[in-house]
Ligand code: IPM
Ligand code: MG
């Protein structure tokens with residue numbers, strides 16, 4: 001029996017997670033995988049009910065589970081709080097506490113969505129890259145951090161610290177090279193070596209680690225150039241390895257290659273249970289309207305089966321079902337296209353995927 005912690009969170013989180021649980025249940029039944037789900041509170045919902053974005057019970061539930069299915073956190077109600085007490089802290093603490101240092105964000109364009117992207121078909125057709133983001137270091141967690149009086153006595157200063165150690169760089173680089181081994185054997189390491197000391201170390205350690213993987217072709221790219229190349233020539237990329245903040249920004253940009261941020265799943269892996277979440281946020285403006293695209297979370301559930309439960313056939317079946325539903329023309333508003341497509345809501349999209357898994 002595999003135990004899955006379910007953390008819906010805020011905004012559209014509960015809606016998309018509900019669909020992903022439905023899909024997991026269906027895939028579990030079809031492939032004979034016994035799954036047990038237990039819900040926990042996180043983010044703004046947890047601030048309201050327990051006074052903290054990551055209550056200890058939620059953390060222990062996650063530690064006692066085989067995998068975590070996560071929705072989204074945040075919303076305007078909590079915007080006034082200082083950064084260290086905001087809903088987002090919930091997911092950041094989970095990543096840190098569980099040591100989820102490797103964040104896999106596959107960017108794959110489903111053939112039937114090629115016209116849903118604002119980018120030209122001849123540029124994006126066939127895009128298939130893996131964004132690998134370091135997730136527990138860098139600016140997000142470096143100390144000192146905070147707002148303190150300015151040394152000149154005039155006002156305050158906001159401080160964030162960008163730190164990377166050899167160990168942190170080495171372990172994420174190894175994950176990157178291993179992933180590349182199973183793909184097209186190319187890895188692009190992204191940094192800002194012309195300005196940042198942390199990047200100087202990053203580039204050196206990645207280059208050294210590459211000697212363990214002689215069949216992988218490594219190149220280095222500055223982050224500003226990478227943001228341009230992702231739009232100019234996205235098919236040149238196979239695995240893109242980068243630090244926390246750069247990866248956050250580049251993955252939203254890369255989402256446009258897949259048609260919509262509502263299509264992009266993620267897996268956050270470390271030594272314990274993995275965490276699976278859509279890369280989009282809580283989208284409070286469309287919450288509760290049954291319009292959000294659940295496919296990013298459904299595809300995250302497929303990653304959960306693949307990476308945490310080692311159920312490749314079930315994972316592939318979910319992905320194939322999503323592909324068939326899109327080919328049949330069903331679209332949520334974010335991927336709506338002119339022509340022969342049928343607009344559906346969140347729950348209906350989930351039902352269509354389930355039906356397709358059962359038939360497939
Ligand atoms: C993401 C999100 C998070 C991040 C937020 C919600 C803290 O943008 O997963 O990309 O910045 O990591
Ligand atoms: Mg982000």
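Every residue, even glycine, has its Cβ placed from backbone N, Cα and C.
Checking the candidates 85, 105, 235 against TrEMBL: the one annotated together with 95, 133, 224 at the substrate site is 105. Within the set of recorded positions 140, 224, 285, 287, no residue has a CB atom less than 6 Å from any atom of ligand 1. Residue 224 (substrate binding site) counts 13 other C-beta atoms within 10 Å of its own C-beta, drawing on all protein chains shown.
If you draw a 10 Å sphere around the CB of residue 281 (NAD(+) binding site), it holds 18 other CB atoms from the protein chains shown.
Selection of the recorded positions 192, 224, 248, 281 by a Cβ distance under 6 Å from ligand 2 yields, in sequence order, 248.
Largest CA to CA distance in the NAD(+) binding set (281, 282, 283, 284, 285, 286, 287, 288, 289, 290, 291, 292, 293): 16 Å, whole number.
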